[in-house]
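This report concerns only the one structure given below.
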């Protein structure tokens, strides 16, 4: 039981930390709210309410 709780916590932490790497949330005007640095890309494209990076 304890292992399941630890795995759940780790997954939550990874998702929370990992989400900004894949791009910030998009603004109401469908623009990225912050520059994209993941994968060497400096620009982002909004997809499903999230910013996707491209070089």
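Backbone N, Cα and C define each Cβ position, glycine as well.
Taken from Swiss-Prot as is:
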SIGNAL    1-18  signal peptide
DISULFID  26-46  disulfide bond
DISULFID  32-51  disulfide bond
DISULFID  36-53  disulfide bond
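Ranking the disulfide-bonded residues 26, 46, 51 by the number of CB atoms within 10 A of their own CB puts 51 at the top. A straight line from the CA of residue 51 (disulfide bond) to the CA of residue 26 (disulfide bond) spans 6 Å.
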